[in-house]
Amino acid sequence: FSFRKLWAFTGPGFLMSIAYLDPGNIESDLQSGAVAGFKLLWVLMLATIIGLLLQRLAARLGVVTGLHLAEVCNRQYQKVPRIILWLMVELAIIGSDMQEVIGSAIAINLLSVGKIPLWGGVLITIADTFVFLFLDKYGLRKLEAFFGFLITIMALTFGYEYITVKPDQKKLLQGLFIPYCQDCGTPQLEQAVGIVGAVIMPHNMYLHSALVKSRQVNRANKREVQEANKYFFIESCIALFVSFIINIFVVTVFAEAFFEKTNADVNAVCVNTSSPHSALFPNNNETLEVDIYKGGVVLGCYFGPAALYIWAIGILAAGQSSTMTGTYSGQFVMEGFLNLRWSRFARVLLTRSIAITPTLLVAIFQDVEHLTGMNDFLNVLMSLQLPFALIPVLTFTSLPSVMNDFANGL
């Protein structure tokens, strides 16, 4: 084992792990904490472990074959299934992009104390296109470092919330290692399914299988391929462990502070702190329902304005980082399935326009409630798209004709 070699292979796994920290994930985390307390942490852990195994298979496919998943699909499938598969993956990418736009718009609205409306935040995210293209010109290694910086911001901001709230450590460990959900009903079950859909992103397997190609590996040398697989797996473990810890921060903060709270409880606290957002919570005894926007507001009411702004910075970092990996995914999928060689600028502009248009319409004509409701719908969409990534990954990595001596034998 060599730390120098691990450093050389470090990068693709952290870019891939951004999908485990996008705004859709953060919203799923805070809702599961508020609805089920600590009871669904084991679902989050199992989903992350399953995600790691699938990412390992995707990375192995890229290392062994020198082709990413979309390129292998193009070679192995007939025209009709290939086009259907491409359309489903594009749908997942556009849905993910919409979540990132929604998260960024809400974060910008919170940071500006409502001075920048939601539709203004949606328009600002168009600039992500140009930021991405600007950074990409300076090389992949610098881009990977920038992603590392954004992940660090998320760890610090959500870690601050965790230290401020001080969740019960005993309940945290019970939630992680005892697979139970006492007194759970339909809302808790919905959150459990939502966690899986939010954590395991279908297009992320296409992305990871392509990112590993950025490292030079002599595929004629079996030992070199084994070594590359080993270091990519170690890096993926580290990256997903970091993302898992950040997700735990969010779940436990809302489980400790807001589980079984009513609207009246929150309304009273917000009124006492003279929060301008107290009208968000009607003075009734219904159970509190939170989303990315309300989550920041209630943190501000209970733990001071600093908690609200730090929360918004974390959401903004999540939205900005995941929007760039979504751009990469779209590039690899389009090139692989269709053999298209569009300029990156044209392709990013097209997919971003498709994602922004419905989000912008909702932001202009509706309120933040409908925007976050769209986020919940998109999490369901992600889980429905999962088979269109799982079946190709599991099929091709088990075929000796594709993987040679590295077929997994399942």
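The backbone N, Cα and C atoms fix where each Cβ goes, and this holds for glycine too.
Curation plays no part in TrEMBL annotations; they are all automatic predictions.
Copied over from TrEMBL:
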type	residues	note
TRANSMEM	31-54	transmembrane segment
TRANSMEM	84-110	transmembrane segment
TRANSMEM	116-134	transmembrane segment
TRANSMEM	146-163	transmembrane segment
TRANSMEM	192-211	transmembrane segment
TRANSMEM	232-255	transmembrane segment
TRANSMEM	297-318	transmembrane segment
TRANSMEM	345-365	transmembrane segment
TRANSMEM	377-396	transmembrane segment
When counting Cβ pairs under 8 Å to the transmembrane segment (192-211), the leader among 84-110, 297-318, 345-365: 84-110
When counting Cβ pairs under 8 Å to the transmembrane segment (84-110), the leader among 31-54, 146-163, 232-255, 297-318: 297-318
Cβ-Cβ under 8 Å with the transmembrane segment (297-318): same-chain residues at least 6 beyond its ends: 21-23, 25-26, 103-104, 106-108, 110-111, 150-151, 153-154, 157-158, 160-161, 164-165, 253, 257-258, 266, 269-270, 273, 275, 277-278, 280-281, 288, 290
Intrachain neighbours beyond the transmembrane segment (31-54), with Cβ under 8 angstroms and 6 or more residues off its ends: 20, 167-168, 171-172, 174-182, 184, 187-188, 191-192, 194-196, 199-200, 205, 236-237, 240, 243-244, 247-248, 250-256, 258-261, 288-291, 390, 393
